[in-house]
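Beneath this line is the structure, given in structure tokens, with notes to follow.
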Amino acid sequence: MARYVFITGGVVSSLGKGIAAAALAALLQARGYRVRIRKLDPYLNVDPGTMSPYQHGEVFVTDDGAETDLDLGHYERFTGRPANQQDNITTGRIYRNIIEKERRGDYLGATVQVIPHVTDEIKNFVLEGNEDYDFVLCEIGGTVGDIEAMPFLEAIRQLGNELPRGTAVYIHLTLMPYIPAAGELKTKPTQHSVKELRSIGIAPDILLVRADREIPESDRRKLSLFCNVRESAVIQALDVATIYDVPIAYHKEGLDSEVLSAFGIDPAPKPRMDRWEEVSHRLHNPEGEVTIAVVGKYTGLKDAYKSLIEALHHGGLANKVKVNLDWIEAEVFEREDPAPYLEKVHGILVPGGFGERGAEGKILAAKFARERKVPYFGICFGMQMACIEAARNLVGIEDASSSEFGPTREPVVGLMTEWLKGNMLEKRAAAGDLGGTMRLGAYEAVLKPDSKIAQIYGSTDIHERHRHRYEVNIDYKDRLEAAGLNFAGMSPDGVLPETVEYADHPWFIGVQYHPELKSRPFEPHPLFASFIEAAIEQSRLV
């Protein structure tokens, strides 16, 4: 039978519940347990697919095509277990399910209410499909006290009563702020947060307390006394250099031991921390460093590129170098010469994005990389802009553009209206809904055997995750290839271009998919490992 760990947050948002959940899952895995993590998001959107990156950050796409919270990316990177549609739920999805049931008459004329109908739907989500797991970790989004989170907190309160005794543990993540004028950390915000949590019927078993310095024993005793938590269960969560130091730090503080003790598991299997120690050692002892320019349009919020950032660091791990990121807003290149910004970097990456803003700047970045022989990695939109650049400057199609930006006589990039998903033909209308209508999830691509990208993968058959509505127009393939841009990867039916590259360039690759979503610290994605390797070679020339 699965045991459940419910993780809530208090005082302020963005304390790192997702990292805490992922780190705890990794620690339990290190002891040989089978672990699943689920995220419960209180917002009313059905999923984050149509939300602004500035509001939500990255949309993490799973193999089965779910558009989910970026925390699921942390879950995958820390545990290696691929997430799916059933690992993330939102209030919007809960309400949609309930309304559909009500319209079908499933409630037999009952008045549909938050309790029991909404809470039952949440509980069903938490409990479903856990037969093969020893532990299920559930992160509750938001902060205790948020009105949107109340149904979720009520649902996990009920689960604490309904599950067999000893199979549910509550962890509350809080903040102890340091007040310079007083010269001390303050416990009061945590006390009030726990008071709020207890007022709705949840008594935390463990306090995970964020702080920027060591928490004195006297403060831990104080929190234990006023929050009614064992002193050993007041665990400090200090700031660390990288997120991959968190599992080691939490293990040293005894988080995993305290969780197992709360479940009455004693003695517990000893953890194997060697691979985490190896990752930490490599991160803190690089043998060199490279600088990568990221030319994007959401650079004001780095969370919009969370998986991309981590995948670049994984590429650094594979090559034992530190990867420095130079963030450049693409629109800058529409006003200024790109050369002063890009001459000293060792690689240029143009990530995914939507819309016309910044597109010309990304095209200029691709042109600079092609002409100056600087390693270039174009992902999704970045591949599309590289193709438009080639069409304009190598083929001579001056009006080459994307239909995403408006009507154009030369749609080198166009809207996909149909594509194969397995044996099914997916169709989309230009005037259809935006949410959940893109080409989403894992799709197969076939690579040319003699291509650079096939050599990097060590295979001609790959499966990668996609999230796009527009695609390079196959009608321009022959002219682009004649100009030197090799279409090295295609969909199995030969209709959708998946990868492009230049044979006469040290490293210039564009991919329509998002390889960053499948990179792990222990298994860096081969494209990112190869890109950083090329950047190392470039660093010797700059």
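The backbone N, Cα and C atoms fix where each Cβ goes, glycine too.
Here is what Swiss-Prot says about this protein:
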REGION    1-265  region 'Amidoligase domain'
BINDING   Ser13, Lys186, Thr187, Lys188, Pro189, Thr190, Gln191, Lys222  UTP binding site
DOMAIN    291-541  domain 'Glutamine amidotransferase type-1'
ACT_SITE  Cys380  active site, nucleophile
ACT_SITE  His514  active site
ACT_SITE  Glu516  active site
For Ser13 (UTP binding site): intrachain residues, at least 6 apart, with Cβ closer than 8 Å: Gly142, Thr143
Taking Lys186, Lys222 as the binding-site residues to compare, which has the smallest set of other Cβ atoms within 10 Å? Lys186
Please list residues from the chain of Gln191 (UTP binding site) whose Cβ is under 8 angstroms from its Cβ, counting only those at least six apart in sequence. Leu223, Phe226, Cys227
If you draw a 10 Å sphere around the Cβ of His514 (active site), how many other Cβ atoms fall inside it, taking every protein chain shown into account? 24
Under 8 Å between C-beta atoms and at least six apart in sequence, can you list the same-chain neighbours of Pro189 (UTP binding site), or say none if there are none? Gly10, Val11, Thr174, Leu175, Met176, Pro177
For Lys188 (UTP binding site), the spatially nearest of the active-site residues Cys380, His514, Glu516, using Cα atoms, is Glu516
Glu516 (active site) and Lys222 (UTP binding site), compared by Cα position, are separated in whole Å by 44
Fewest Cβ neighbours within 10 Å, where candidates are the binding-site residues Thr187, Thr190: Thr187
Could you find out if DSSP has His514 (active site) as helix, strand or coil? coil
